[in-house]
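Participant: Handing you this structure, nothing more for now.
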């Protein structure tokens with residue numbers, strides 16, 4: 001009775017604060033895992049010429065003749081494409097690992113897939129084996145596939161609802177910092193040279209070691225401990241540490257209520273998730289957003305950037321510095337997203353971000369078409385690339401991870417991240433595989449396709465995706481219940497957003513859409 005009374009009180013809720021424990025857990029997990037994802041995306045690009053020379057030299061030493069260009073191209077394509085393929089494998093491992101080992105436990109276990117390939121890539125030149133690099137790229141891709149899904153899940157479950165968006169953007173911030181770090185280290189005068197590239201590839205193991213040493217001192221997800229393990233005491237202690245307060249009763253009650261509403265469902269597999277009517281539109285939404293994120297052209301923009309800078313008159317030796325500048329813009333705008341996501345909301349940032357990307361792709365198509373005939377047009381191309389990066393950093397790059405955490409409750413969240421991650425990495429792999437053919441066949445008109453994908457994703461978000469900021473996971477489930485045409489159950493009774501006297505209960509106040 002006391003629990004029901006407290007849940008029905010129209011009192012102002014205590015806003016969660018950023019405690020030292022929460023801040024350090026966020027920074028350590030994001031640096032130890034998300035940073036590596038970004039670092040390994042970019043680390044192989046700058047020293048690519050020298051790595052390919054190593055491939056050829058090794059081949060000559062083995063067989064006494066130079067490697068054929070077609071075989072070198074094949075090996076290099078494998079070196080690049082094995083990373084997203086490993087990411088797909090990692091995504092498929094998310095649900096079983098987070099359910100068995102927990103969120104923090106999975107992050108610690110995941111460091112095996114970083115330290116081992118770091119050593120492999122670091123000694124590849126000494127071992128005179130290019131096969132080691134290709135295998136290591138698969139393994140470090142598994143690390144990225146796991147970390148890109150588990151870190152947002154872990155931090156989303158640690159965070160109070162009023163900080164969940166800002167903290168949920170931090171993993172993407174560290175991904176962009178990882179990309180920028182690889183770009184800086186890849187400058188010819190630092191490590192992007194004939195002697196420095198093995199060290200550059202091997203440095204990915206350092207964040208993993210930092211996480212292995214420090215993350216064990218921080219709590220496991222309280223939601224995992226209470227809802228999935230049934231350990232009320234450990235969940236309470238973890239929540240008290242994270243909130244810096246002994247008074248966590250209201251949040252514990254909210255978790256128990258979520259647990260009651262899920263008891264009939266049990267732990268969901270991917271097959272259950274695909275067939276469950278109550279999660280239909282949440283599932284469609286994360287598929288649409290993750291496909292939109294990767295198929296919107298961000299990887300193609302980076303792929304095309306060097307040729308755009310070159311055609312604008314940037315010297316070949318200076319393109320690396322312009323690329324670093326673009327990476328710095330990406331980091332700055334992601335930092336901006338951390339500070340504005342709670343004020344602006346998730347939905348608005350997604351709409352603005354995809355809108356900017358759509359317009360940038362359209363203008364870039366025009367600029368690339370006329371840049372040979374118009375003297376100042378190449379500078380418009382550079383501006384379009386930078387504006388596109390700004391738009392993607394504000395919304396499409398950052399928000400889908402946050403929203404995936406928020407749209408699903410404890411029983412369905414691991415399977416949801418498994419689906420979202422698989423779509424993310426399959427789309428990433430597809431762009432990497434298809435874009436060179438698009439570029440050769442369509443040229444500058446390739447970006448019209450990305451323009452339409454951005455527009456389609458924008459319309460989907462506008463029509464379907466609700467605002468989730470400052471809502472509990474249970475409230476968000478209620479927001480989708482109307483569209484899914486189901487009732488949210490607590491035990492055997494439907495959960496209504498009203499109290500017994502007909503008044504709307506503040507604890508379950510939702511926004512219709």
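Any Cβ shown, glycine's included, is placed from N, Cα and C.
Below are the features listed in TrEMBL for this protein:
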{"type": "DOMAIN", "residues": "26-469", "note": "domain 'Major facilitator superfamily (MFS) profile'"}
{"type": "TRANSMEM", "residues": "20-39", "note": "transmembrane segment"}
{"type": "TRANSMEM", "residues": "74-95", "note": "transmembrane segment"}
{"type": "TRANSMEM", "residues": "107-126", "note": "transmembrane segment"}
{"type": "TRANSMEM", "residues": "132-155", "note": "transmembrane segment"}
{"type": "TRANSMEM", "residues": "167-191", "note": "transmembrane segment"}
{"type": "TRANSMEM", "residues": "197-218", "note": "transmembrane segment"}
{"type": "TRANSMEM", "residues": "283-304", "note": "transmembrane segment"}
{"type": "TRANSMEM", "residues": "319-341", "note": "transmembrane segment"}
{"type": "TRANSMEM", "residues": "348-370", "note": "transmembrane segment"}
{"type": "TRANSMEM", "residues": "376-403", "note": "transmembrane segment"}
{"type": "TRANSMEM", "residues": "415-438", "note": "transmembrane segment"}
{"type": "TRANSMEM", "residues": "444-465", "note": "transmembrane segment"}
Participant: Could you give the residue numbers and ranges of same-chain residues that sit at least 6 residues beyond the transmembrane segment (444-465) on either side and whose C-beta is under 8 angstroms from one of its C-beta atoms?
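Facilitator: Apart from its flanks, the transmembrane segment (444-465) reaches 281, 284-285, 288-289, 291-292, 295-297, 300, 346-347, 350-351, 354-355, 357-358, 361-362, 364-365, 368-369, 396, 403, 435, 438, 483.
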Participant: Which residues, given as numbers and ranges, are at least 6 beyond the ends of the transmembrane segment (319-341) yet have a Cβ under 8 Å from it?
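Facilitator: Counting only partners 6 or more residues beyond its ends, the transmembrane segment (319-341) has Cβ contacts under 8 Å with 42, 46, 165-166, 168-170, 172-173, 176-177, 179-180, 183-184, 186-188, 192, 305-306, 309-310, 349, 385-386, 389-390, 393-395, 397-399, 402, 469.
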Participant: Sort out the residues at least 6 away from either end of the transmembrane segment (20-39), same chain, that have Cβ-Cβ distances under 8 Å to it, and list them.
Facilitator: 104, 107, 110-111, 114, 140, 143-144, 146-148, 150-151, 154-155, 158-159, 163, 167, 170-182, 203-204, 207-208, 210-212, 214-215, 218-219, 241-244
Participant: Express the predicted model's confidence over the domain 'Major facilitator superfamily (MFS) profile' (26-469) as a mean pLDDT, rounded to an integer.
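Facilitator: For the domain 'Major facilitator superfamily (MFS) profile' (26-469), the model's average pLDDT rounds to 88.
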Participant: If you count every Cβ pair below 8 Å, which range out of 132-155, 167-191, 376-403, 415-438 shares the most with the transmembrane segment (107-126)?
Facilitator: 132-155
Participant: Hey, which bits of the same chain come close to the transmembrane segment (415-438), Cβ under 8 Å, at least six residues off its ends?
Facilitator: 80-81, 84-85, 87-88, 90-92, 94-95, 98, 145, 148-150, 152-153, 268-270, 272-274, 279, 282-283, 286-287, 290-291, 293-295, 297, 299-300, 303, 400, 404, 407-408, 446, 449
Participant: Give the nonlocal contacts of the transmembrane segment (132-155) in its own chain as ranges (CB under 8 Å, at least six residues past its ends).
Facilitator: 25-26, 29-30, 33-34, 36-37, 40-41, 44, 51, 75, 78-80, 82-94, 97-98, 103-104, 106-107, 110-111, 113-114, 116-118, 120-121, 123-124, 167-168, 170-171, 175, 201, 204, 208, 221, 401-402, 404-405, 413-414, 417-418, 420-421, 424-425
